[in-house]
Each structure stands twice: as structure tokens, then as C-alpha cells.
């Protein structure tokens, strides 16, 4: 109805006018809504006045009555009284808009009374008609076309919806009492509308063939409209209950189909049956439209014979399943079944409407009686409906599956199948045989999946990956069907059919594999190259290649030039290497040694001002001195004061807008000491805006020589390319369009291939000329050649924010929880995942930003912006991952009806998660990232609480990963999400519910507290020890306790590897806990004891323990000596130790590589003696804020030490001279120590560099007091060191 749009515009104009005059009251708004409601119904009736059938419906009688009432009010009678009332109401709307104040009644009460009395007189002459059209009365009217009928029904439904939604008793549109009957009428009208739509869409003959049906539908809708308009709302009736009962009676006539035909043999059902039979005869030629009009199958089952109650209940359940799944199914998934679908829908309609016409129904009517009366076999007629429902349900589920999968999903399923059958034996008993067959089939396919991972370059790679994808998709289906069975969401007959289909499809997949002999060949052949691709650990060569002239020019600007502050701006397109070039200059020893302070930050498109300041402060003054709880402006002032007296070098990377520079420039004071700022950006305008003295540098493209040099370096490292490959290599380098990022990505492809001319020629041919200046094409090619087990891992980077460093331990835990990692006998999943990551690093798809000094493993990484954008876009295309950003993504409703439910969702806003929750039933993971401040203060925290999440999480029933670590504070743990494997969040409560054991799949549990909160105790329930799959229990901000009496009778957690932070008040408790966790690898705990119990003088930690952190709670003495044969990392905090204790500890820790002593006291003598041979494998020694005065170290101690860090050791006399002779030493850092420590550090460097020619040695001195002068020195160059040592030693002396 076009008039509805006119009314909407009219209403908006009135509201705008009243708001301009003065604030529109709620009463005025309600009056406007009331008149709009009346106008919409009147408009509907106006459209019906000219119908030839109107006289039979009583319409004209009512119109005549309205004319009489007009005369009574001395108003000239209009030709059409409905039009008259429409005009009157429009005038009243104008009156309200002029005087919107509720106190200015302006005769409204009088008009309301007139309208109500008018309706009363109408009702006195009007009764709900008991007749339908006779068979021989068919009216050929243009307005009975299906489009008009559907619009008319939509208008009536819209007005009824208004009444249902209003719950305010003071509203003029409020309907008292239960509204179930109105809602049921709404359902009936929607059904009728679906029916009209279905007939219209499927009809291939002229529409007038079904005029009887369309006219009947219009009559029913018009009478419902008349009943509602005349009787509701009941604002003018004192006896509202009586009016409500009268309306209920009238609506019941419609509901119970008491509209009888003039001719006894014609009924509403006859009309429906006739039109369905006509459609059935033309189905083969019907239009191929979406079958979503299957809403017609939502037929009510009231008023049916008692004998059909059970059969009809089953039928109704089937039809609901069909409808619910059809509306979420794309037409492409049914393109070969549309005719069958139409046939089933029509048959269902025929079946139901036939059942209404059976005469003489009795209480004891049997199924045989019904079949005889209907003339067909009811159960047999239902079978095609079952078959179609089964097909549609499977298609509806399959269309939501991602096209990229983790090959570890079968491992997860096989474990769960066993657990499910044990936990839910009653629910799954009837499926026992099918589940055993499925389990056996999946187990038989495990060797094949192993081959897919270990032989990614197999000649049958495409076939293998296609089969692997099909296998994983079947695993998803089995999981869904089993869950649906347990929760009784799908009927038993459907589940049985579905599992049988799955078994048949798995058999077909196996036959396909066996046909190509892939399984037999790989099982019988000794694989020479097994998992070499997983085990290798390539290192990224950080040495920059090319741009020699640019680097030299920029180096001069940094070291020479103006005495004032200068900004060196570098701009250019993505992928040119701006960040790599800037980092190369920033870390150039000839550059940074000339500056007192060096600091850097990365901005990116979405940034946090506070985060930027914090990053700069951490570099400028050290992590320990940064006060994160301060406001951003206070931190900025701290940074400015820190830089003020120094010569500084600042790197500001990836600036997108001028406003960023406006925010930061005030932090960088100019005191004419040649301080420099390097700024990179994609935009020339930003570079020009930030420039001070030097002109912005537009970074050029590579030339052909540089392109080949970079390609050769990335593929061959320090080796040279063979002459046979050089020609094709030069051609490939040229194809990369002189873009460094493209060259690096192509090098990643070549490095994975055999060094043969044929292979390289194939790459050159596949790349083609189209890749010039198109880095996306290169990324796509790099992605295409990835083995399938790495594709999911790579795309998962799309869940992270741009320009953010990614913690690799967290990334690997997420990969494992997402089932991306395929298990391999005898290997830890973490080790396999590290191999996957190193493979991606070796392909130049992932950049390492930090590696562990002790073992060289990557600790942090990031992606180039171009690669990250690719991951987000491709992941969305593959139904794999969708990044939900408030500024970029439309409302979830659009996604619901495009039928894409992605496997993984990444959010930046809590409200986005709430909005999308109802649309994400199949989602497997939710990651909520924080794009603003990384650190929260008490001023920020109130906006971060969102306990509404507890109400929406049950919608994510298949959730396996829920990572809320970076944004949300919750007051609950979602114990109903039984599939959950990874859960991370901030909490404020001091206990964990015992129901946490419901999360029997949970492998990683990370709970943190607000940074502003004081450290408190968190009680662990004994049921935690029932969670046998738990691998990482990380609760760092609490003192976690569990009663020893409860622990004694609990099970062992054999899979637990990480435990933090547990509190022990007795050594006995610690010993008991260690027995219950025999495979721990990382333990962080607090201890509180007074003395050594003799029986616990040596506490034996688990043999696999590698990381141990011990914190003092109250008493300073450690009540045990540590014995951990494979311990590599030890941190002791707050204890009082002596040389004997540390000597005994060293004897038990032969493999220790990292030792950190923090705020440790050394007794009355404040002395530490380290004897010969102690700490033989130690690589890193950090001493922080110790009370140590005298440190004596034997010549043969610390023989493999590489790093020595002293921080805040103000009383230490000196660093022992034996460190001069440790040839493995590479680094000494001295922060906030006295002058004697600095002097000894300088002497050590002088000996290391000059005497032993240790060119890798590096000394960093930060913030020590020397004649009231603050210093930060970063010395590595021999000449710089020589001059600095001479000058500083001279001052010290």
C-alpha cells in the first residue's frame, strides 16, 4: 500500500514540526500514532469500496451508516464516508502538531469519543459474515491480483503488530488482557500471505485462473481488518473486559473456520485444495524460484479430529523443520531439487487441507478409518515429506560450513564421540551401531590425513586435499547430529537417516581415495621426506637488501643537518618496504649510538593515543617505570619531560592522518640538540604536513638489479643462484613489478620448490604479466600453493588487529583449540604448531618481531598490512572468518538471509557481539579484540563491564573458542558451552563455580583481574580436577587456592601443562599438587612457610617442568630446595636466600638456561658466592633490585652465559671481573645501578671487544647517576665504545 509510505512521511513531518516548536510530549506522540493507526485501516477500506463483491460483505452498509453519522454532526455528507474520515483525521494530526502539549487538549477527548461512538454504531449493524463466495461467483477485478492481495494482507498484519507490541496501559493503542489470540490471528494471516505468494510464484498460467482463491484470501483479510478496526483498541469502553471477550469471540470464528459457504459443498478447504491440485499438474513447468514460500506448510492443526492428534503432531513437526531450514537455504543449494521441493510442499498442503474435510469424526477414529476416508495411505504420503526434510536439513547445515578446515578436527571428533557415548548413553543408545561404524571409518582415514599433512607436495595434492576437505565436513556433520540428538532438537527418524547418509558418503570418499591408490602407496612406502617441512626452522634474514642510496641519504639527515629537531618522512604505496627501511635505520649501530634515547611506536589506521604514549615510554624509561594507570595526558607529560634534556631518536610508523601527528608532536620537545623523528606513511599529505626541515622522501620502486638481488637473497640466503636458474629468476623478479613485498612473497613460493629450471618456469608461467603492481595477486598465489593444513592457520591471522604484535604462545593455543593442528604420535601439539608457524615464516608470510635468546624460537610476530587485509577478505569469502567492525559491517540481518554463518568471528565492540548472537548458531569461535587502550584504569573500567553477554552466549552452542581477554569483564563462566576448548576473560569474582566441570572439553582457561584491582584470592572448586582434558590453567592475577582435603581424593590431570598462580601454605600441599599434575611444563605459584620440614628438604618437581616462577607470600624463606632435572627457566621473587641455597639449587638444575632473581635478599652479609662449575648451561642471568653488596664468582662458573642484566642493584660493589673472560657473553645491560657497577661493565666491554675481538658484544647503560647527569648508552661499535669508555672512565676517576 503506497499510502503507508505517505503516512510515514506525514508522521515524520508532524514530529519534526512539533519538535521545532517545543519538546513533543509522549502524549502527543501517542495521539499521532493513534491517528496514524486509524488512517492506515481507513486507507485499506478505501481500496475495497469499488469491489463488486463488497455488497456481499456488508461494506456498503457500513459506508451508508457513516454517511448518516456525518449528517448527525451537521457535516455535509461526502460521496465516500471512508474518505471523509480520512480527511478529518489528517486535520486532527495537523492540530496536534501545532499544539503538541498534553495539557492543550484542543477537543481531542471529544473527537476520541466521537470515533468510539461511531464504531459502536457500526458494530451494531455489522456481524462477522458467515458466507464465502459461491462457486459460480468469480469476480474479474484487477485489484484481486496476487500483488494487491499480498500488499493488503501486509498492511493488516502491520497494524496488528502495532497492537501486539504496545504494553503501556496509558497508550491509546493498548489492548488489555492476553494477546495470544491476536498473535495467532497474525500467524494465520501470514500463512495466508505465504499461500498467495506461493501460488503466484508457481503459477505458469494466467493469474485469473485462480481469481476465486485470491478473492477468498482478500475477503478473509478484509473481515479480519474490519473486526479489529471496529473493536480495537478499546480506549473508549469502560467495561474493557467485556469488549475484549467480544473480540475474542469474533476472532475465534475466523480461527475455527466458521465461515461457511452459501453452497454446502463449497468450503474454504475446497478452494485451497482446488488451487493446489491445479499447481501440482503444472509443477514440471513451474518457475524456479526460491522455495522459501514454504511458509504455507505452517498449517495450524486445531479443529482436527482427535484420532489424528499423534499423526498430525508428527506431521506438524516435520513441516516446521522443513520451513525453518528452507528460509536459511540459498537457492543454489537446491537448484536440482526445486521441482521435488514444490511437489512436496503441494502434497503437504493437499494432505492437511484434506484432513479438515473428513466428516463424522469420532474419539475412537483409527488410522485405517482415516486412510479409507481420505482415499490414500497417510503414512505412505508422509514419506516423501520426510525424505525432502532430510535433504533440506542437510543442505541447510552444509551451506554454512567453511570451505577451509583444520585437519585436526577429526582428532577432536573421535575423542568426543567416545565421551558423548559415555556421558549420554541413554540419548544415544538407538544410534550406538551407527556411531561405532562412523568412529571406525574415521579412524581408518587417519593415516590418509597424516599423509596430507606430511606430504604437501605429493603429486596427488589436489585430490588429497579435496578428499580431506570432504572428510572434515563429514566430521562437522556428525558433531552437529549427535548434539541435536542429545538436545532433542531433531526427531529420531531424521537423525537415523542423516547418519546413514553420512556413512554412505564416507564410504564413497574412501573408495575415491583407494581408487587412486593414495592410502595403499603411502602406507607401504617408507617416506623419506616425512615431516621435514614441519620440523625446519627457517630464520628471517633481517638484513635489508636494496635502497643503498636511499639509506645513505637518510643516514646523513639523521646524523647531520640542522641543529633543531627534524622529521624524516618516508611515504609510498603499501609493500614498498617503508617500515623495513625505517627499522633498518633505527637499529643501525652508527645511528642509534649517537642518541641518548631511542623509542618507537606503530600507529596504524585505528589507534589509541594512550597506547602510543605507553609504547614510547617503555622504550624511553623501561617497562618497570611506566605507570599504566595514569591518564593519557599525564603519560604524555611524563614522556615530554623524559625527552626534554636528551637527544632522542623516535620512529613513528604507519601514520594515516594529520591528526595523529597533531596528537603526538607536543610530546617531542625541540631544544636544538639534533633530535630526530622518522615517520612513515602511505600518504604524501601526511608526510608533507609532518615535515619540518627535510623534504618528504617518496620511496621509489626497486630497479631490476635490486629486485633480483632481493629475490636471490630470500631464496638462497648466503649461497648463490646457479647459472641455470638465473635467467628465469631474473624474469620472475621482473614480473614482480619492482615491489619488494611481491618479490618477498614470490621468494617464499620458490623456496618451497625444487631448485630446478622446470619448476621455476612453471612459476613464471603461472604468475604472468598481470601481477605488475598487484600485490594482492602475489598474495593469492602464495596462498594457493600453501598446503591445506597451513591455509586455515594463515587465514586465522585475520582475527587480529592491524599493526599489533601477536603473542605466539597465545596464537598456538588458539590454533590447537580450533583443531587446526593434526596430531602426530609421539609429538606435542605445541611442537607441531611451532613447525606450522615456522613454515609460514619461511614463506615470508609472517614476520617475526621477537625471538627467544635462549632457544631461538619465535616469541612474537605480525603480518604486513597487505597480508592481513588479504586474510580478512579471503577468510570471509571462504565462510571461514568474519571480522565484525562497527564502522564497516552492516547489520547482522543481512548476513542471516545471505545464509553465511562463518566458522569464526572477530569483534572489536561488545555490542556487535550481542547484535550478532542470534545469527551465529554454528559459529565455532569468537575473538573480541581491543582496538583501543591495552591497559585499563579505574576511569575506563565502568564502560567495559557487560554482563549481558551471559544471556546471549547460549546461542553460540557449538562455540569452541571464546576469547574475551582484551575487552570484557564478566561475572560468570559459560558452563553450558560443552564444546568450549578455550576460554579467556577478565573476572572480578573470587570463586569459580563447581559447575565448571561441565566444560569437559576445556583445554585452556585464562582468567585475569582488572589491572586496578588489588591481588586477591580465587577459590578453585575440587571439580576442576575432573576436567581431564585441561592443558593450560592460567590465572595470573589471583592467588589461587584449593583445599588439600579435596585435592587428596581427586583425579590426576595428566594433560595439564601450565598452572598459574597457585598458592601453598604448606610444603605438603605443594607435594600433593605436584603428584596430581605429573606432566607440568610451566608452574607459577606463591609459597608461605616458616621453616624447612626435614622430610621435604628437596621438593621434586615434575620431570617435564621447564618453567618455574616462585613468589613469596608472607615469609621470606623458601621451605624447600628445588629439584627439576629439565628446568630451563627459574624466577625467584621476594625471598631471602644465601649462597648455600643457590649452590644446592644449581646442583639440581643442570639444564637451567634462564635465572631471574627479583627483590631477593642475601642475609646479613649480603653476599653471593658462585663456585666453579655452577650453572653450566645458563644463558641469561637477570638480577633486579637485589640487596646484594658483594658478588663473588669463580672463574669456571657461568661458562655459557650470553646475557647479563642488572637493574636497580644500587648497593652492588661491582660486576665480578671473571665476566671479562666468558667468551659466549654477548650482552650486558645495566639500569639504575651505581657508578662502580657501570665502571666494571665498561671494563668488561673493553676487554671483550679489544682483547677478545668479540664484535657481537653489546653494552646498554640506562639511567645511572654520574655527577647529576643522566645517561643512556647503547654501545656496540668498537670505535664508539673506545671513545665512550675513555670519556666515562675519565669522569668516574
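Don't overthink the numbers, they just go from 1 along the chain as shown.
For all residues, glycine too, the Cβ spot is worked out from N, Cα and C.
Features reported for this protein in Swiss-Prot:
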type	residues	note
COILED	423-446	coiled coil
COILED	538-560	coiled coil
DOMAIN	539-826	domain 'NB-ARC'
BINDING	572, 573, 574, 575, 576, 577, 578, 579	ATP binding site
REPEAT	876-899	repeat 'LRR 1'
REPEAT	956-981	repeat 'LRR 2'
REPEAT	1027-1049	repeat 'LRR 3'
REPEAT	1056-1079	repeat 'LRR 4'
REPEAT	1102-1125	repeat 'LRR 5'
REPEAT	1149-1172	repeat 'LRR 6'
REPEAT	1175-1197	repeat 'LRR 7'
REPEAT	1198-1222	repeat 'LRR 8'
REPEAT	1235-1259	repeat 'LRR 9'
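Positions of Swiss-Prot features highlighted on the structure.
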{"residue": "572", "record": "ATP binding site", "CB count, 10 Å": "21"}
{"residue": "573", "record": "ATP binding site", "CB count, 10 Å": "15"}
{"residue": "574", "record": "ATP binding site", "CB count, 10 Å": "14"}
{"residue": "575", "record": "ATP binding site", "CB count, 10 Å": "24"}
{"residue": "576", "record": "ATP binding site", "CB count, 10 Å": "24"}
{"residue": "577", "record": "ATP binding site", "CB count, 10 Å": "26"}
{"residue": "578", "record": "ATP binding site", "CB count, 10 Å": "23"}
{"residue": "579", "record": "ATP binding site", "CB count, 10 Å": "19"}
Pop the mean pLDDT for the coiled coil (423-446) in here, whole number is fine.
86
Distant-in-sequence neighbours of the repeat 'LRR 6' (1149-1172), which means Cβ under 8 A and at least six residues beyond its ends:
854-855, 1116, 1122, 1124-1139, 1142-1143, 1178-1198, 1211
CB-centroid shell, 8 A cutoff, ATP site 572, 573, 574, 575, 576, 577, 578, 579, site residues removed:
682, 699, 740, 741
By a Cβ-Cβ criterion of under 8 Å, what residues six or more beyond either terminus of the repeat 'LRR 5' (1102-1125) are in contact with it?
1039, 1057, 1060-1061, 1063, 1067, 1070, 1074, 1077-1093, 1096, 1131-1137, 1141, 1144-1145, 1148-1151, 1161
Three-state secondary structure of residue 578 (ATP binding site) from DSSP?
helix
